[in-house]
């Protein structure tokens, strides 16, 4: 936890220092000039896409691979040219998958962790016995010490391997995907255990492909991509959208997890922008619109949202999607100026969507602004009466809006918006019913009075058809 | 129970079994002899070196002192002369050779199965037996004398070691010997040597019967000379392998794990391969190709004592010795004597299939 110990002694007392490391496998350089420092007593997560060189880096530090260039110093000792016995007293490895298909029992398996400390003709002594028992107690595997390793579950097996590494009594632990094949309770249990080990002085480097687990449990992250270190430091500074884009070539959204407070990464489908065109304004709040915003944005619409309070979860979502967002300060009411801003967006929009949001005095002005909408979709999960805290006036406004709106359940919003946008953009196509006619008229009027954007998209869709 | 204690208990028990099998076996034959007579005759045969005196001998014109060892026979039980001769000069050499060969094959089998992490591995998996066979058949068939005065056993031994070394070289690159490559190289070389043997058989003429007999695996015509050489060499090598018992255990976890647990993987593999090839070569050179001992015995012992090589090696070796003595007794007690290789295969294969079907052949 170097961050907490302060950065004054950075590097001086490092558990692992890697300098300009180049590792080639089969003539291809897998690591290409990696520099990294791991402070004593920290938990460092190695993240990056498949093939970035995470395992290769771990295998180099454990002395398994001989670097083509560069140096690795563990606990002040350069591991180049050391015997595997000497290295295995400094570095213990918990492998990703091991062939535990032999009928050794759990205790025997853990006892193999003592082999770096035993001479060829040396007997297993009391010290060794104690180290094994402690390691098993620590990892909570003592209760099935006499069971065969082939007969324990995946999560238990992971703890047995961790116990074996602990019995090795090395200051540095390397874990290769410790959670890869575990279900979520064992993932958390394993990492909590690792966290405890770090707290008691071990230094841990783990390759972890789950970015959110890595962000939550690690003190620092090292982001590898194409054999190089793309970023390193605390999780917040490493897991940025720009870094993720570079490393994973993925479209990810970074936010904070509401419960744990850790950095939270959500990957969005790669080709997330649909080819829908048109402007949509959304009225939401309190999380009622988050999914809606994502779906509409993903479908390709030009989405605006508001008015929302700063700090609202919908605001967070809108920001992370990069949407045009009208906001007021936390807990403040929507004032006249903001209402005008919302109104202008509603007018510009082909369709306005009102989410299943609770209406109070603070955000009643949003409903008033929505009156200007050309075409309207109301999302109803609960009847309006159940979520109206703004009295009869609001109910009246809502009823008036409902009169001319398409009312849908949350699962059908995108379809309804698509239909409404088509109608709004192709007035000649419409005219089958009064609603459609009305929205077509309002569409035309807005063409003359307002946005050129809207008419452009209208033209382009004409062009398309 | 600690591993040392368990190993001790099992080893003593199996030594007793071996002694009983030897005593009973030495009594069985055209002339039946009671176990007590066998025991007495055996003890009468025990010779202890007691004195060394130096004489003079002239080698290439130089006079050198030559030691002469005087032996004392500490026991002299009254045993009928013919029985004494039958036990000590006819049956015991054969029985002891069987014990040493069984000991060697089972030892090498354990090591190869662990080394290859494959329950189907046997001592000849990298072509040691085929190499020995080529050496032996060449000796029997070739119309010229072998260099350095090599005898049949010598030719087989050299053939075995050359083959093992060749397979190792083929499978090694940059100081690493991947187990899978070694296995495949072994299979390929065995096939090739099989062709060489077949070719030589076609041209063997008069010696065909002798060659075929050798190839089947046999313990007759055993001499005290063969026994002495094998009985000195095999236990020595066995203890080297036993010292690597813990390394073999760790190697079962896979080479990467073994490395991270402090094993010098490549060096350990070289030692294991070289020593177990020597053990196998010593056995095959004196007895021909006796199959299934090195496959079955380690399996059964693994079911009984578990996978830890520190106990598996000694128990398998002793059980292998007892097993081969017993099957050879069976082979020679019929009306027509059979090569023991036929008996071990005939008994071993069905037993192996039984294990396979009852799912007891799980893993190494």
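Using the three backbone atoms N, Cα and C, a Cβ is placed for every residue, glycine included.
Summarising the annotation, TrEMBL assigns transmembrane segment to B:12-33 (among others).
Among the features that TrEMBL reports, transmembrane segment is placed at B:95-116 (among others).
The transmembrane segment feature in TrEMBL is assigned to B:125-146 (among others).
With a threshold of 8 Å between CB atoms, the same-chain residues lying at least 6 positions outside the transmembrane segment (B:152-170) that come near it are 126-136, 138-140, 146, 177, 182, 185-186, 189, 193, 214, 226, 270, 273-274, 277-278, 280-282, 284-286. Per TrEMBL, transmembrane segment is recorded for B:152-170 (among others).
Here the transmembrane segment (B:182-202) has long-range neighbours at 116, 118, 121, 124-127, 130-131, 133-134, 137-138, 141, 163, 166-168, 170-171, 208, 211-212, 215, 273, meaning same-chain residues at least 6 beyond its ends whose C-beta is under 8 angstroms from one of its own. Feature annotation from TrEMBL assigns transmembrane segment to B:182-202 (among others).
The transmembrane segment annotation in TrEMBL covers B:222-244 (among others).
Residues annotated as transmembrane segment in TrEMBL: B:271-297 (among others).
A Cβ distance under 8 Å defines the sequence-distant neighbours of the transmembrane segment (B:338-356), meaning residues of its chain 6+ beyond its ends; these are 98, 213, 216-219, 287-293, 295-296, 299-300, 324, 327-328, 330-332. What TrEMBL records for B:338-356 (among others) is transmembrane segment.
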For the transmembrane segment (B:95-116), what are the same-chain contacts with Cβ under 8 Å, counting residues 6+ beyond its ends? 18, 22, 25-26, 122-123, 125-126, 179, 182-183, 219, 222, 226-227, 230-231, 234-235, 237-238, 241, 248-249, 251-252, 269, 272-273, 275-277, 279-280, 282-283, 286-287, 290, 293-295, 297-298, 301, 309, 312-313, 316-325, 328-329, 340, 364
Same chain only, please: residues at least 6 beyond the ends of the transmembrane segment (B:125-146) with a C-beta under 8 Å from a C-beta of the stretch. Say none if there are none. 112, 116, 152, 154-164, 166-168, 182-183, 185-186, 189-190, 193-194, 196-197, 200-201, 203-205, 207, 210-211, 214-215, 273, 277, 280-281, 284-285, 288-289
